[in-house]
Amino acid sequence: MADELNSVLPSTNLVYHITSAVPLPGPQTPPQDIEKQTGTETGSLTDDNHQHVAWDDPRERRNPHNWNVWMKTLHTAIPCFLAFEITFSTSITVPATNQIAQHFSVSRTESILPLTLYTLGLAIGPVFIAPFSEVFGRKYIYAGTSTLLLAFLGGSAAAQTFSALLACRFLAGLFGSAGIAVGAGTIADIWGLGGGAGASLLFILGPFLGPTLGPLAGAYVLADRGGDWRWTQYVLIILGAPLWVATLSMRETSKAWILRKESGDRQKITFSRIAALAKGAVMRPTKMLFTEIIVSSLAVYSAFAYAMIFSYFASSSYILQRLYKFNLTEVGLSFISVIIGYFLAVILFALFDAKFRMPAIRAGTATPELRLYSACVGSVALPAGLFWYAWEAHEGGNWAAFVAAGIPFGIGAFSLFLSIITYMVDFYGVKAAASALAANGIIRYILGAVFPLFTIQMYENLGVHWAGSLFAFLSLPLLPIPWLLLRYGPALRNRSKFHGPMASSGIRHGKVFEGSAIAEPTHE
């Protein structure tokens, strides 16, 4: 389990930076001889080659790999909690849609727009943030964007007009996306590719647990505060304030930034350089989306699965209140079944890894397709859960049987996500995979933003059974994708100009990978 969680730190957006301090094969220079060779103290080198030698010295305190456990834990916890809080913020307004509609005299569809625009901010924010993180480092990106996130969450809570609420929610999502965009890089900076399985798991689960727990928290807040929708935003401020303080205490973790600062290369930063990085951050994912069938097909599949989660929130609230007479807090508690499915998906992924992939790695025969077994199960579990969900709903029926449909649904959605992310990294190699993941993340959040806008109308117009079945039927044409890739993946690798060395093989052979979504893919 540790290997796949550490060989891949999936970021849902643009930045995907991996750094490994695994020693290179062959004789190594003893740490005590480094200073003799360089003629200077560790940490004060300016020559590029000497800097990289000194960086791997176990006494080099700038290198996050050499920090003490407390410092590593702090800098790991911050991006993990940020990833959770940022995605938790998407759906906490779901139980408050009626209150928002009444307060601002808007339609039910319009009352969902605070969720939609926040999620759109998460989708497009990294396009602007990623280049700045490469130029200015991670520390200042965390501190600056966390400050703006709190400011616009405060604006959302204080909004006197619906337009102001929408603008603040969008900007909160835009700046909040930085926590997801650079979080994977921070964890990789600290632990490399060979450690930190728990940190990786927490970061992976964040974008799924956050939206799932948001409606539950929102329902309890509304019940406790007399239906005041503003408290859904106050809760986010209360959660975000300690994280903001924590970001102010962070150290820089980016090796490239630290060494560039030491050499004085920061003075070369120009607007044209930032613009070029921003252009690359947009163009490369777009190019792969339209030229690589693997990127486009898996982006559509993972985006559909993610959009189903948001539609599940909206439709469950409608069905459970209408047919089973649930209150908002009981509706929120029903989502625990989906969370159970997520954790079962993690166990399933680990079992497949132990059974098939780890022996292949030891034998030197591992291929990216070994990542797909979990997706094959997920491709069946997702429509099974959706059909169960659609046809178990009956007025006066057994609510537990209906809620239990969330378990196969959660297994399907999260199994697909885990397999797709890890497969793309192994298929394309670290640098090209960064752009592939960027395209995947943007489409995923866009569909997640749009689907809730028409979900309730579907259920009202088509009825509970056929509206749910429509989503299930839409998942069926996507079902063969992982099975086809399992069969034809090797042939597609030979045809792809972006195909690169497997990230997992980099661990096995002790290679050092450094990649970023806005670095040139090695096979372009």
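Placed from the backbone N, Cα and C atoms, the Cβ positions cover glycine too.
TrEMBL entries are annotated by machine, without manual review.
Taken from TrEMBL, the feature compositional bias 'Basic and acidic residues' covers 47-59.
Marked as domain 'Major facilitator superfamily (MFS) profile' by TrEMBL: 75-493.
Feature annotation from TrEMBL assigns region 'Disordered' to 25-59.
Among the features that TrEMBL reports, transmembrane segment is placed at 69-92 (among others).
Counting only same-chain residues 6+ beyond the ends of the transmembrane segment (112-133), those with a CB under 8 A from a CB of the stretch are 12-15, 86-87, 89-91, 93-94, 97, 100, 141, 145, 156, 165-166, 169-178, 180-182, 185, 254, 274, 277-278, 281-282, 310, 314, 438, 441-442, 444-446, 448-450, 452-453, 517-518. Residues or ranges marked as transmembrane segment by TrEMBL: 112-133 (among others).
If you look up TrEMBL, you'll see 140-158 (among others) marked as transmembrane segment.
Per TrEMBL, transmembrane segment is recorded for 164-183 (among others).
Taken from TrEMBL, the feature transmembrane segment covers 231-250 (among others). Only residues 6 or more beyond the boundaries of the transmembrane segment (231-250), in the same chain, are considered here, and those with a CB under 8 A from a CB of the stretch are 74-75, 77-78, 81-82, 85, 88-89, 92-93, 95-96, 138-139, 142-143, 146-147, 149-150, 153-154, 156-157, 217-218, 221-222, 224-225.
Taken from TrEMBL, the feature transmembrane segment applies to 289-313 (among others).
The transmembrane segment feature in TrEMBL is assigned to 333-352 (among others).
Annotation comment: TrEMBL describes 372-391 (among others) as transmembrane segment. Panel annotation: around the transmembrane segment (372-391), residues 305, 308, 312, 341, 345, 348-349, 352, 356, 402, 404-416, 418-420, 423, 464-469, 471-472, 475-476, 478-483, 485-486, 489 of the same chain, lying at least six beyond its termini, place a Cβ under 8 Å from a Cβ of the stretch.
Taken from TrEMBL, the feature transmembrane segment applies to 397-425 (among others). Sequence-remote contacts of a segment are chain residues at least 6 beyond its ends whose Cβ falls under 8 Å from one of its Cβ atoms, and for the transmembrane segment (397-425) they are 4, 7-8, 10, 204, 208, 294-295, 298, 301-302, 305-306, 308-309, 312, 319-320, 323-324, 326, 334-335, 337-342, 344-346, 348-349, 368-369, 371-375, 377-386, 388-389, 433, 436-437, 440, 482, 485, 503.
Among the features that TrEMBL reports, transmembrane segment is placed at 437-459 (among others). Within the same chain, residues 10-14, 16, 90, 94, 108-109, 112-113, 115-117, 119-120, 122-124, 126-127, 211, 281, 284-286, 288-289, 295, 298-300, 302-304, 306-311, 313-315, 318-319, 420-421, 424-425, 467-468, 470, 517 sit at least 6 positions outside the transmembrane segment (437-459) and bring their C-beta atoms closer than 8 Å to a C-beta of that stretch.
The transmembrane segment annotation in TrEMBL covers 465-486 (among others).
Here the transmembrane segment (465-486) touches the transmembrane segment (289-313). Their Cβ atoms form 3 or more pairs under 8 Å, with each pair 6 or more residues apart. Mean predicted confidence for the domain 'Major facilitator superfamily (MFS) profile' (75-493): the pLDDT average there is 90.
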